Amino acid sequence: MANILKTIIENDKGEIRRLEKMADKVFKYEDQMAALTDDQLKAKTVEFKERYQNGESLDSLLYEAFAVVREGAKRVLGLFPYKVQVMGGIVLHHGDVPEMRTGEGKTLTATMPVYLNALSGKGVHVVTVNEYLSERDATEMGELYSWLGLSVGINLATKSPMEKKEAYECDITYSTNSEIGFDYLRDNMVVRAENMVQRPLNYALVDEVDSILIDEARTPLIVSGANAVETSQLYHMADHYVKSLNKDDYIIDVQSKTIGLSDSGIDRAESYFKLENLYDIENVALTHFIDNALRANYIMLLDIDYVVSEEQEILIVDQFTGRTMEGRRYSDGLHQAIEAKEGVPIQDETKTSASITYQNLFRMYKKLSGMTGTGKTEEEEFREIYNIRVIPIPTNRPVQRIDHSDLLYASIESKFKAVVEDVKARYQKGQPVLVGTVAVETSDYISKKLVAAGVPHEVLNAKNHYREAQIIMNAGQRGAVTIATNMAGRGTDIKLGEGVRELGGLCVIGTERHESRRIDNQLRGRSGRQGDPGESQFYLSLEDDLMKRFGSERLKGIFERLNMSEEAIESRMLTRQVEAAQKRVEGNNYDTRKQVLQYDDVMREQREIIYAQRYDVITADRDLAPEIQSMIKRTIERVVDGHARAKQDEKLEAILNFAKYNLLPEDSITMEDLSGLSDKAIKEELFQRSLKVYDSQVSKLRDEEAVKEFQKVLILRVVDNKWTDHIDALDQLRNAVGLRGYAQNNPVVEYQAEGFRMFNDMIGSIEFDVTRLMMKAQIHEQERPQAERHISTTATRNIAAHQASMPEDLDLSQIGRNELCPCGSGKKFKNCHGKRQ
């Protein structure tokens, strides 16, 4: 282990030396750029663009381009990037993460790689965690970019599609991570190319990259529509049952935060819901409601995991920032279960139309980089998942903050008593204090204690985050006391007021350790910016979540033997033990995120295929007849091959039914037409006849443009419907294969194999529906604005009719389980009408 650490440190030192040499080359242009007039300096942008278009690489332009930005920043912003900022900019251009401490000027650092990469004309996305930071940075740094001749756009959730498109067309676009993700998903749901807002994803520079790519990595962005099934009553019933349970009726795993019914709980469920066996296959849906009710009531905590707004809505609290996540809802029914628990209106369940995780969204960029002050602890994950390194950048001035050893108390009560005494003492001498908490509940509790102690203060948490920037900006003033959840105003510097340096600078007090060392380091990093003095102190108790999860029993015995109920233990060894516990949690969380990615990669591969084909259809300015006719041909082949092993009479009858109900006019084909033909000849006969029907169908449309429109909308509507169902099916499959792990099967391998088979089935089903709708749609001449509505409703009506289109006199008992269903769904019999037998 020591050798590994030594190697890592040596590699970092070597990288720093290399970056220093590159920064020196930038500095060599300093006098040359300073000698230019404003117009001459601005003209450099046009020169660089021309050189790039003529084949020169961005790497070769780096030194001059960075020098231009430095000089431009000095003239426009009154800021002149330091050497360490230039070094950080080089790391960003190379697609890595520079770890730069709080207050080292990351926003100014970003201007150099952003400018350089914008010269390509392919677009640069500067990604922030909230819209306040997007607007602030776009306004402040946009002044520099505009002066240098580059266009700057801000992409906000409130903007119209046209405004969004204009923002994305700019050389540099500022946006939040969630809005980029939702725009990507919505772009892949439109029917016309002109309604897409994004260009191909080129270069993303992510601010607070650890928050977005690590903390929110598992968060799926979901575009959804309403589910047709009414389920609110079931949520209320499950909630009522769960609230009636005793502690012996369920089992909670504190470490993994999972919960399940005990034997007595199962007995009570069977009695409550009047069931013989709770885990019978027909009760799968009910067990899902019960599982969610258990999680909602005994795992999810009010004012920690979520808050109830004044509008009686459940708002999720981000565990890493403490902010409420507006517009976000827990998936898979958990949100509705919490609504039932809290007695607020239950909103309709939704069906996912499109989804993507941040892991897969940002891996789609040609180049990805980001900035953070605390990335080294997650270097393995950055490297393994995103193929980017974390390079620690030296501070411009030495860090003077004093980080005290942790203080450990026996109880939460004695811990908070000590916190209040410490805050009061510092307040009385005028030293500003920032108290960091992990939950809204804790910040409210400390606030009440400080009020009782006569200490005026500000509270910053999920309930009043709209005042975040204002509160944080004043947190470094003399006598200021600020209580903040983990959000702690990331992105907003705390500047020290007059006379505060002499008092020791800002003191950061942590009220418990987070499960991630990185979050603790972020809190510490609020103090001691740019060489300022400062202090940090963490107060812990044996009753804290982290301590309970990892061995507080032994320490509890020490407190009892020494009779130290009100006193603290302080030692470096204790701090190391806590950090070792945090490493174990971080390792568990990383393993979980890695497994999520393995599952999500299955959907990623399938999504890329569907979206690529969809894009090809949307952007096609051609007759799509070859594509549709190929689908018709493959559909015919699947149906004929699917009945190859049946008896001749049964086979011909099934193929005839398929042709009548899905392919040709009912009275245009008879059994005699198919008798005596080989399977190959049947395929050819049906295909040739279908081509005539196809020509007849398109001849009813007004002109060539109407044909293209009809073809395009037809394909897209079928693809979108099938893809939505497929997403839902994959989600159900994922839940199902988890249980197969108990049978010694690898659930990920099972998911990959089954998901691949389901995808192929979906492709067949898409081609079947396109065939049937193309051949059976009742086409009328329509004006263009109405054409989309017409085909959409026709498709919906035909799909509904198709689901019931089984000939009444057909003997289903003679059909093999793996043969295609004769109803024409394109599914195997066992997965269609065979389910009902």
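Note: Cβ is positioned from N, Cα and C throughout, glycine not excepted.
Note that the coordinates shown come from a computational prediction; the quantities given were computed from them, not determined experimentally.
Copied over from Swiss-Prot:
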type    : residues                                              : note
BINDING : GLN85, GLY103, GLU104, GLY105, LYS106, THR107, ASP493 : ATP binding site
BINDING : CYS821, CYS823, CYS832, HIS833                        : Zn(2+) binding site
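When the neighbouring Cβ atoms lying within 10 Å are counted for each of the binding-site residues (GLN85, THR107), the highest count belongs to GLN85. Neighbours of the ATP site: apart from GLN85, GLY103, GLU104, GLY105, LYS106, THR107, ASP493, residues of the same chain with C-beta atoms within 8 angstroms of the site's C-beta centroid are MET100, THR102, LEU108, THR109.
DSSP classifies GLY103 (ATP binding site) as coil under the three-state reduction. In sequence order, VAL84, GLN85, GLY88, GLY373, ILE393, THR395, ASN396, ARG529, GLN530 make up the list of same-chain residues 6 or more apart from GLU104 (ATP binding site) whose Cβ falls under 8 Å from its Cβ.
In this record, ATP is bound by GLN85, GLY103, GLU104, GLY105, LYS106, THR107, ASP493; the longest C-alpha to C-alpha distance in that set is 17 Å.
Sequence-distant neighbours of ASP493 (ATP binding site) (same chain, six or more apart, CB under 8 Å from its CB) are THR102, GLY103, ARG529, listed in sequence order. There are 21 other Cβ atoms within 10 Å of the Cβ belonging to GLY103 (ATP binding site).
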